Amino acid sequence: MLKFEHVTKTYKGGKKAVNDLTLNIDKGEFVCFIGPSGCGKTTTMKMINRLIEPTEGKIFINDKDIMAEDPVKLRRSIGYVIQQIGLMPHMTIRENIVLVPKLLKWSEEKKQERAKELIKLVDLPEEFLDRYPYELSGGQQQRIGVLRALAAEQNLILMDEPFGALDPITRDSLQEEFKNLQKELGKTIIFVTHDMDEAIKLADRIVIMKDGEIVQFDTPDEILRNPANSFVEDFIGKDRLIEAKPDVTQVAQIMNTNPVSITADKSLQAAITVMKEKRVDTLLVVDEGNVLKGFIDVEQIDLNRRTATSVMDIIEKNVFYVYEDTLLRDTVQRILKRGYKYIPVVDKDKRLVGIVTRASLVDIVYDSIWGTLEDATENQEEQADSKTTEPEMKQEG
């Protein structure tokens, strides 16, 4: 799908932003480029659509040399999402989504159908198509930015820190949605980020760069288990190496399959009764098809008990969730580092299937850390033994 052959970018003064880069990226693969500031990751991405042109070497897309392509046509054939989102403020959401199809002279009917089809992919109502960007939240705007990159059915999408400006909860939700969307559509994604957690969560393979060169190009698991050198170890952070058992990889393997839930039409009194019976302070709210809709907690009930009568009156719809095939290490990061008490687990249709709590992770993290300490102790004992036996061997000689 995408191939770099000995690509170098040299700026005036002789500084090499990218130096002799060679790699192959397969069709449908999600590849993250990461490294410290000035490592060449953004320059590498911008050479793909010729916003920056290479000084030496060749880049091929589907075996075609991009330097032989018309740069305007090339860019229209590649999706591009940036951190600033870049929606046109004077255009409706519909007009923003079909901007590239319009440039490609699609029929009006085809453009309208494409806009309706795409808005459904990110669970936004169709009436949003007639709104303007300022009427949407930051997370909703970024969803539209992603849709615009998909609108002309581009197979290759470039993404330059697209979620970097969002708050942590919105960012987590969008990452989860986008990874699921990428799996469903089979697009090839080149994703630049400075966040190792984001790269580990999203990527099929990660390119770690330093000083314009590739230090390691491998799967997240392989990088975590076998970092190429001390730079990679320091960059990814040693704490990530012990946050989960290697043999427990997906949320579904450790989740509680009986989360306490309630439907939105129930009364607050019914909700309080369930909380007392189950000894919980939070209830997940689902519809009749068990699709996750939000949550309520005792604090909300207490604050609204004089005015609200039903669960629907106080439901908090902004709930973070993960899919059942989400890698466990990503969930560990969120619960332990970002302060989540629990995370609901859903299937591909967003039906509630389980819940992961801090308590359910205790054994996993304990075993990981304890195992690491045991290994370290064994190594120290072996070294001590070798030092003890070494002089004895000399005495025998």
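Just so you know, the numbers here start at 1 and follow the chain as drawn.
Backbone N, Cα and C atoms are what each Cβ position is placed from, and that goes for glycine too.
Positions annotated as ATP binding site by Swiss-Prot: GLY35, PRO36, SER37, GLY38, CYS39, GLY40, LYS41, THR42. According to Swiss-Prot, the compositional bias 'Basic and acidic residues' annotation covers 384-397. Residues or ranges marked as domain 'ABC transporter' by Swiss-Prot: 2-236. Sequence annotations record features per position, and here Swiss-Prot assigns domain 'CBS 1' to 255-311. According to Swiss-Prot, the feature domain 'CBS 2' maps to 315-373. Residues or ranges marked as region 'Disordered' in Swiss-Prot: 377-397.
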Check: same-chain CB within 8 A of ATP site center, minus GLY35, PRO36, SER37, GLY38, CYS39, GLY40, LYS41, THR42: MET209, LYS210
Counts of helix, strand and coil residues, the domain 'CBS 1' (255-311), according to DSSP: 19 helix, 18 strand, 20 coil
THR42 (ATP binding site): secondary structure state under DSSP, collapsed to three categories: helix
Stretch-averaged pLDDT - the domain 'ABC transporter' (2-236): 88
For the binding-site residues PRO36, GLY38, GLY40, the one whose C-beta sees the most other C-beta atoms within 10 angstroms: GLY40
Among SER37, THR42, which are binding-site residues, the residue with the most C-beta atoms within 10 angstroms of its C-beta: THR42
